[in-house]
Amino acid sequence: MRIGHGFDVHAFGGEGPIIIGGVRIPYEKGLLAHSDGDVALHALTDALLGAAALGDIGKLFPDTDPAFKGADSRELLREAWRRIQAKGYTLGNVDVTIIAQAPKMLPHIPRMRVFIAEDLGCHMDDVNVKATTTEKLGFTGRGEGIACEAVALLMKAAK
């Protein structure tokens, strides 16, 4: 078994909506990013890549490459997952924690889980997504941005 941890953060800027966990969420602010700014999928992709010792999302999809400008993070996750499977890994489970004062994530979490399960080709029971606030402390608490942490468990596929 191999465990990976991922983290991502994006500042608010411009107009919304935002995309979190593949879900378009209406909000008056957008997130500043080279890609679509999906902190949940970026953290998850990093966790998966880390567990497989394949580096991180910035190594695979550098923000200096114009090809990834405005990229769909679901496609980045699927491509990373293809590479991880090619190394002989299967998924144990993933756990994602979104850290945001606003907007409220709870109504969108079921769809996030569906999208992540689809992209990883796994059962919904293998995907957990939750959200929390920082009780108005720090940059997320002041409404300056959104952060996310993710953990992934991989196992070597049976031969």
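Placed from the backbone N, Cα and C atoms, the Cβ positions cover glycine too.
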### Query
Which of these, His34, His42, does Swiss-Prot list as part of the divalent metal cation site with Asp8, His10?
His42
### Query
Just the number: how many Å between the Cα atoms of His34 (site 'Transition state stabilizer') and Asp8 (divalent metal cation binding site)?
13
### Query
Minimum Cβ neighbour count within 10 Å among the recorded positions Ser35, Thr132, Thr133: which residue?
Thr132
### Residues within 8 Å of the Asp8, His10, His42 Cβ centre (excluding the divalent metal cation site residues themselves)
Val9, Leu31, Ala33, Gly37, Asp38, Val39, Ala40, Ala43, Ile146, Ala147, Cys148
### Message
Counting only residues 6+ away in sequence within the same chain, which have a CB under 8 Å from the CB of Pro103 (4-CDP-2-C-methyl-D-erythritol 2-phosphate binding site)?
### Response
Ile18, Ile25, Pro26, Tyr27
### Query
Out of Phe61, Phe139, which of the binding-site residues is least crowded by other Cβ atoms within 10 Å?
Phe139
### Query
At the level of the C-alpha atoms, what whole-angstrom distance separates Phe61 (4-CDP-2-C-methyl-D-erythritol 2-phosphate binding site) and His10 (divalent metal cation binding site)?
16
